[in-house]
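The domain 'Aminotransferase class V' feature in TrEMBL is assigned to A:34-335. The N6-(pyridoxal phosphate)lysine feature in TrEMBL is assigned to A:Lys197. For A:Arg345, the entry in TrEMBL reads substrate binding site.
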Number of protein chains: 2
Amino acid sequence: MYKELTTSNRILMGPGPSDAHPRVLKAMSTPLIGHLDPEFVTIMDEVKTMVQNTFMTKNNMTFVVSAPGSAGMETCLVNLLEPGDEVIICVNGVFGGRMADIAERCGAKVHKVEVAWGTVVSPEDVKKALDICKKPKLVALVHAETSTGALQPIKEISDLVHNAGGLLMVDAVTSYCGIELKVDDWNIDAIYTGTQKNLSAPPGLSPVSFSDNALKALENRKTKVQSWFLDLSLVKNYWGGAKRAYHHTAPVSSVYALRESLRIVLEEGLENRWKRHKEVHEVLKTKLESLGFRYLVEKQYRLPNLNAVFLPEGNDEALLRKKLLNDYNIEVGGGLGDFAGKIWRVGIMGESCTLNHVNMLVSALHDMKEFRN
Amino acid sequence: MYKELTTSNRILMGPGPSDAHPRVLKAMSTPLIGHLDPEFVTIMDEVKTMVQNTFMTKNNMTFVVSAPGSAGMETCLVNLLEPGDEVIICVNGVFGGRMADIAERCGAKVHKVEVAWGTVVSPEDVKKALDICKKPKLVALVHAETSTGALQPIKEISDLVHNAGGLLMVDAVTSYCGIELKVDDWNIDAIYTGTQKNLSAPPGLSPVSFSDNALKALENRKTKVQSWFLDLSLVKNYWGGAKRAYHHTAPVSSVYALRESLRIVLEEGLENRWKRHKEVHEVLKTKLESLGFRYLVEKQYRLPNLNAVFLPEGNDEALLRKKLLNDYNIEVGGGLGDFAGKIWRVGIMGESCTLNHVNMLVSALHDMKEFRN
């Protein structure tokens with residue numbers, strides 16, 4: 001028999017999840033109601049409106065996938081792609097690579113635009129790809145690469161993609177509610193995100209939005225969507241429409257938590273939230289650099305909320321990370337892929353984006369005799 | 001701006017979710033830890049062992065899909081099926097139909113064994129199908145049809161399927177932890193369930209188990225699994241193995257809740273829990289029948305925990321259901337498909353399976369002047 005659940009009181013400063021607000025945790029413990037209860041339908045409607053507000057979109061096809069961000073990624077791709085479609089996928093880290101993998105599983109012909117991890121894709125890179133694949137069904141980009149801390153400019157590439165008649169798909173998992181993101185202004189056709197980053201809700205859901213043009217592509221499909229669970233032609237009647245049709249059972253408690261986290265974001269205001277992430281980043285950056293850390297990404301393309309940094313020479317990153325966790329209860333992330341063992345990913349996202357978080361981490365590093373400055 | 005979350009204090013006696021135990025709700029409000037934190041890895045290991053115990057299986061490939069039961073269904077099918085595979089799907093309600101739909105999306109050639117809703121598939125039905133499709137890759141059955149309240153016997157059909165060299169796949173969403181279910185004894189090769197029925201945890205996760213033979217079929221695939229998110233060859237390194245490999249971000253809070261609900265099941269004991277569901281069902285049945293309700297399913301194939309019943313003549317089921325919800329806070333389920341507007345589905349599952357629940361419902365019906373006995 002197992003004992004009661006006990007966990008250490010962690011300070012979450014990795015690539016996510018981030019610390020959840022006590023109000024969000026409290027909302028999760030609300031007793032269940034039925035997923036087709038009129039009260040729950042109202043909650044879904046409220047969540048939908050708040051997701052539209054935080055995506056800055058009027059897209060009616062805005063909803064929440066009942067699974068984590070990776071399933072949101074797959075939702076966009078399986079609904080928009082059919083076997084034989086040509087697509088351009090920009091790859092500058094783990095998540096671009098994952099999009100390419102999924103697109104291939106949809107039977108699409110994938111043209112990859114690959115640039116070095118830690119850099120971003122330039123409009124010129126996309127132009128070159130459009131010279132080869134002149135009429136892509138879609139072009140996919142990662143707005144905020146969680147594996148490298150790079151912030152991808154969108155607007156100029158969006159224009160190129162639309163001029164070529166393609167749809168623009170964006171991964172906003174680590175940018176949503178922490179960094180400027182304007183779905184309608186930037187003409188994004190399909191976007192997905194997660195809940196466990198700047199939103200500071202528990203992981204497990206993926207807000208998604210489709211433009212009218214993306215919906216048209218869905219309506220014009222010749223083949224069925226390969227996933228039943230993620231098929232938007234079915235899900236859309238569950239998340240909207242005059243008459244709700246049962247599709248699957250929504251994760252009631254997780255939706256409660258999402259609703260509360262969205263309320264907190266809108267109380268603060270999106271622009272204030274973006275500003276807070278920038279300001280706290282400046283303080284963190286100054287302190288980390290004074291300790292000898294060096295940023296992976298060039299200044300102008302740096303994510304404020306996910307700081308990918310090389311440790312000062314002569315440090316054992318795995319040992320330090322373990323000690324931070326065990327002695328100080330502070331979690332920071334390690335590197336992925338080629339950067340495994342070389343960088344840390346320090347997240348200051350949502351509720352984890354405070355001066356106290358910065359000071360806790362920096363003070364702990366100062367304390368640790370194993371850390372070489 | 002939206003107000004604080006407020007919900008009515010519902011009594012959940014529909015087809016799920018059922019009432020959650022306060023201990024489960026409390027576990028959900030535990031602060032987050034990282035999904036790769038050694039403490040979370042331990043929690044995943046504990047959950048895996050408890051899922052093995054409750055499925056009564058030693059299958060090493062036992063894990064939890066980070067999405068609701070429908071995604072568990074899709075996990076089994078996309079991993080086991082490849083284009084061109086021949087399969088037999090038994091359909092006696094909504095969920096058998098859903099399995100057939102997904103199998104077709106996998107490119108399989110589907111042979112349906114269709115019987116009337118409210119009845120079960122007989123070994124003779126399966127034999128006939130095996131005369132046409134002699135070597136199916138798999139045969140799929142719904143153990144407990146949530147849409148009709150029918151309990152499908154498994155053992156004899158399992159022998160037929162294995163003699164024909166096929167794999168047996170079972171939907172146990174509404175039977176798991178409420179009705180006798182023995183994965184190893186019954187030689188089930190792939191099984192999935194949900195958390196929001198007899199387990200009384202919030203909806204959102206799907207425990208799944210694969211036999212070694214099912215794993216062999218997975219290893220012998222010629223094509224990639226069409227879903228990245230549900231690809232077991234990737235997920236298995238996240239839910240087990242010597243070295244945990246990041247796949248997606250697990251829904252930390254939902255796993256907390258699942259752990260606590262499994263603890264509660266094992267404290268009660270599986271057999272005691274099966275017995276409780278049977279005993280409370282007998283009381284409910286007697287009282288409903290004395291009020292003029294009539295069961296849809298023949299006695300020997302009746303689910304104890306999901307009671308599909310015709311209302312006494314002259315009742316407006318939708319009106320009564322609405323009044324039950326609004327005046328008494330009691331949720332019961334309506335019918336699906338051909339039974340919409342004709343039957344109720346009264347769930348007594350997990351924490352909702354008590355004599356008090358039965359009495360609340362029956363007393364409310366006695367009270368309501370609109371109810372015609």
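Heads up, the Cβ atoms here are built off N, Cα and C, so glycines get one too.
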Length of the line joining the Cα atoms of the residue listed as 'substrate binding site' and the residue listed as 'N6-(pyridoxal phosphate)lysine', in Å: 13
Per DSSP, three-state class assigned to A:Lys197 (N6-(pyridoxal phosphate)lysine): coil
Local confidence of the domain 'Aminotransferase class V' (A:34-335) - pLDDT mean: 97
Structural state of A:Arg345 (substrate binding site), classified by DSSP into three states: strand
